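Undergrad: Structure incoming, see below.
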Amino acid sequence: MEKLQILTERQQTELNHAIIQYLQPLCQQDNHVLLDQLSKLLNIDQSTQESNNVEKVDNYLEKRWSTVLRLQKKIIDLENEISNLNNIINSTNSDNNGIILSKDKINWIPKGAVKQSYQCENIVTTVKLHPNLPLVLNGCNDGNLYIWNISNDDNTIPEKMIKAHTRAINKICFTYKKPYYLATCSSDLTIKIWDEKFNHIRTLNGHEHTVSSIQFSPVDNSILYSVSRDKNIRVWDIFQGISLKSFVGHSEWCRDLDIISSDTYGDFVLTCSNDQSARLSHANSGAGVAMIVGHSHVVETVKFLPSLQANKILDEYITKNTEQFPTIPLELLKDKTYNQLGFKYCITASRDNTIKLWLIPPPTIAPHRPPLPSKYNNSQSWLIAELKGHSSWVKSLCVHPNGKFIISGSDDKTIKFWDLSGLLETGYVNVVKTIIGHDGFINDIDFARLKEASDVSEEDLLKQVEKRMRCLFISGSADNSIKLWN
């Protein structure tokens, strides 16, 4: 019976040449007879090894062998990925449009196991997930910027390390739209702008002290906001490299900020400070329109709550418990101004170990004028709930894409997941998950941003969020590590 030929004639010739090429340096003078015999067996003329039909490639056999191993590993990885996807499909429901969505994806939180850990040589001060690529970025106390590839097997070597600043990097942020520019700010008083390939393209100078935090406008890649220990809030044009506006928002060190954009009124800036307060400002005019006062220590960070789910839960809670909020006019909860503004509630975290949830009074709107301080409650926000559970400073916050989970990181070395819907059941925002894994203070956390998408209707928003969610969550700590949670 004729033996089945697996290789073509050309492939067979290439393999024979590669075998002789591999054995030549191994066969010393004493073994040249053996090499000649093998060459004759394989029909190879050593004097004409470099034939017209076969191109000689150095270390050909070794390279082919390593390629096979890499391909085998890739096949195993793909088989595992297919298995995971099949598991997801098997546990899904189909919506009316035939789009298959995971039952639990919209409420995904980490189980608590560390999927991957990345170690730096210095304290990790800030972390950020790339908005599109499988990359983890972190800044360190020594000014180094690290870029790690989640898909790499070797988690000991970063994809890239950049000496970005001369002192600690305090915050990293990406633009909200493509191309994804990166900005970093530092205790060296500067802000640096980087292109999509992490090449430095510009340095922004203007702050007179530590630059604490930065964030891009959600609607304009050219606009960047920053806050500093010099108490100033600055608005930058990153392409021109100039400061467009500067205004003082606080009496002490300005720690953090969050930005939300309104189609009608432009950007609003929420800031917090060592003066134990937070402030809402209209970006274009610099006017303060609302204040948040109630913490007993430094306010470390602030976040707007997205309208998705949060507004409905909190409106219902206030309506059912009017005796607890006698100064909140119920008609205010239905004020359509909030729809135009894009914000209604926010959260703050402090060194008093608490997180507080606030209803922001809407600014006064007058024709042909920028928004003015609110006429409600002397422009003071109403405290709706206090989240207690951390035993030390709460320094980082993020909001789950579903809009109802709040995530916090603390100096007590824990990360907590809070469920707003607990207000309707128990009257409290309950902790639904606490994850522990760091040996030092939690300095920063980040949940993967939703994939970019076109505008969708309100009723389709939850489905769109579920489809666009990336189930990735990271944390950075004073123990010099970044952890990607499973």
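Here the Cβ of each residue, glycine as well, is placed from N, Cα and C on the backbone.
Okay, so Swiss-Prot annotates it like this:
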type	residues	note
COILED	66-99	coiled coil
REPEAT	119-158	repeat 'WD 1'
REPEAT	164-205	repeat 'WD 2'
REPEAT	206-246	repeat 'WD 3'
REPEAT	249-291	repeat 'WD 4'
REPEAT	294-328	repeat 'WD 5'
REPEAT	329-368	repeat 'WD 6'
REPEAT	389-428	repeat 'WD 7'
REPEAT	437-483	repeat 'WD 8'
Undergrad: Under an 8 Å Cβ to Cβ limit, what residues of the same chain, 6 or more beyond the ends of the repeat 'WD 6' (329-368), are close to it?
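TA: Distal contacts: 258, 260-265, 268, 270, 272, 276, 278, 280, 282, 289-290, 292, 294-305, 307, 310-311, 314-315, 318-319, 322, 374-377, 379-388, 390-397, 399, 406, 408, 410, 418, 420, 429.
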Undergrad: Taking residues 6+ outside the repeat 'WD 4' (249-291), which of them lie with a CB under 8 Å of any CB in it?
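TA: Residues 210, 212-219, 223, 225-229, 231-233, 235, 297-304, 340-343, 346, 348, 350, 360-361, 363-365, 370-374, 379-381 contact the repeat 'WD 4' (249-291) from elsewhere in the chain.
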Undergrad: Grab the pLDDT values for the repeat 'WD 2' (164-205) and give me their mean, rounded.
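TA: In the predicted model, the repeat 'WD 2' (164-205) has a mean pLDDT of 98.
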Undergrad: If you run through the repeat 'WD 3' (206-246) with DSSP, how many residues end up as helix, strand and coil?
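TA: Secondary-structure composition of the repeat 'WD 3' (206-246): 0 helix, 23 strand, 18 coil.
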Undergrad: What does the DSSP secondary structure composition of the repeat 'WD 5' (294-328) look like, as residue counts for helix, strand and coil?
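TA: Final tally across the stretch: 14 helix, 6 strand, 15 coil.
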